[in-house]
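What follows is a single structure, written as structure tokens, with notes after it.
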Amino acid sequence: MEKMNTTWMRDFYLTELSDLPEVRISLFVMILLIYLVTLAGNGAILLAIGTDDHLQTPMYFFLSNLSLLDVLCPTVTVPKMLQIFLSEDKRISFAGCMLQLFFLIDVVGTEIFLLAVMAYDRYVAICSPLHYRSIMSKQVCAQLAAGTWLTGIINSMVHTSLTFTLSFCGLNKVNQYYCDIPPVMALSCSSTYLPELVRLLVAGILGSGAFLVTLISYIYIISAILHMPSTEGRRKAFSTCGSHLTVVFLFYGATIATYVRSNSTYSPKQDRIVSMLYGVITPMLNPMIYSLRNKEVKRALVKALSPKRF
């Protein structure tokens, strides 16, 4: 009991992106600008979808969920990173580290499942257009969205509880700019066999399941598109699905590189680069890739921001 209390009272120390003082201000400005662009881009999509009746469809409903996740993902890590840049105080409390890890894994897991649901939605829209409205009803969409968020929370609770019941020794310096499973687990002086096994099993079952749903959906989608008689129809379908596939490859590639491996292959420098891709860069790019090129979204956004509206 005494050992557990000591663990709870101990702080962790995060690692900066760079130890060079001369680039600290430049990095601070760059990360802040990326974060603000992310908030603006995803906020614009949420505003457009929320205020335009023409965008009240399953595709845009799931897209609004994706935009919300893309706001939450960098919000979990970036403010603390910016605070470290300014104050140089790298400490984070045990409870703060646990909460940061919990919300990060929650958001990442939810997005993985949501991308699979979005692929299924596109499959139904393209392969069964006549039955689309009956299959993807409002009730079904709400249940699918709620299921992705609930699964993300349960998944995160399992990993967080297993990670933070470990014993931690030494300086507790996290080799990452935020608390994540691999760098926190690397600090443990107790056996990490069970948490690692559970992480790999969950990634293998749930992650692979979501990936298979996405992959199979797109095999059918591409086959259906190639058999379309209209060139314009094929172009429009490829445009929508191509955007989704770009988002999928960016996100899946980065998360697989981070979580689907053992602690023995953990590389702090490599992880910092990969985590910047899926945790900071991808949420900024998603609105540009997926929505802001879409004429319907741009029209809705112009309408929402029109002076006449106010």
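Note: Cβ is positioned from N, Cα and C throughout, glycine not excepted.
Feature annotation from TrEMBL assigns domain 'G-protein coupled receptors family 1 profile' to 41-290. Per TrEMBL, transmembrane segment is recorded for 25-48, 98-120, 140-158, 200-226, 238-260, 272-292.
Among 140-158, 200-226, 272-292, 272-292 has the largest number of CB pairs under 8 A with the transmembrane segment (25-48).
Remote same-chain residues near the transmembrane segment (140-158) are listed as 58, 61-62, 65, 102-103, 105-111, 113-114, 117, 198, 202, 206 (criterion: CB distance under 8 Å, separation of at least six residues from the stretch ends).
Contact between the transmembrane segment (200-226) and the transmembrane segment (98-120) is supported by 3 or more Cβ pairs under 8 Å, counting only residues 6 or more apart in sequence. Across all of the domain 'G-protein coupled receptors family 1 profile' (41-290), the predicted model scores a mean pLDDT of 86.
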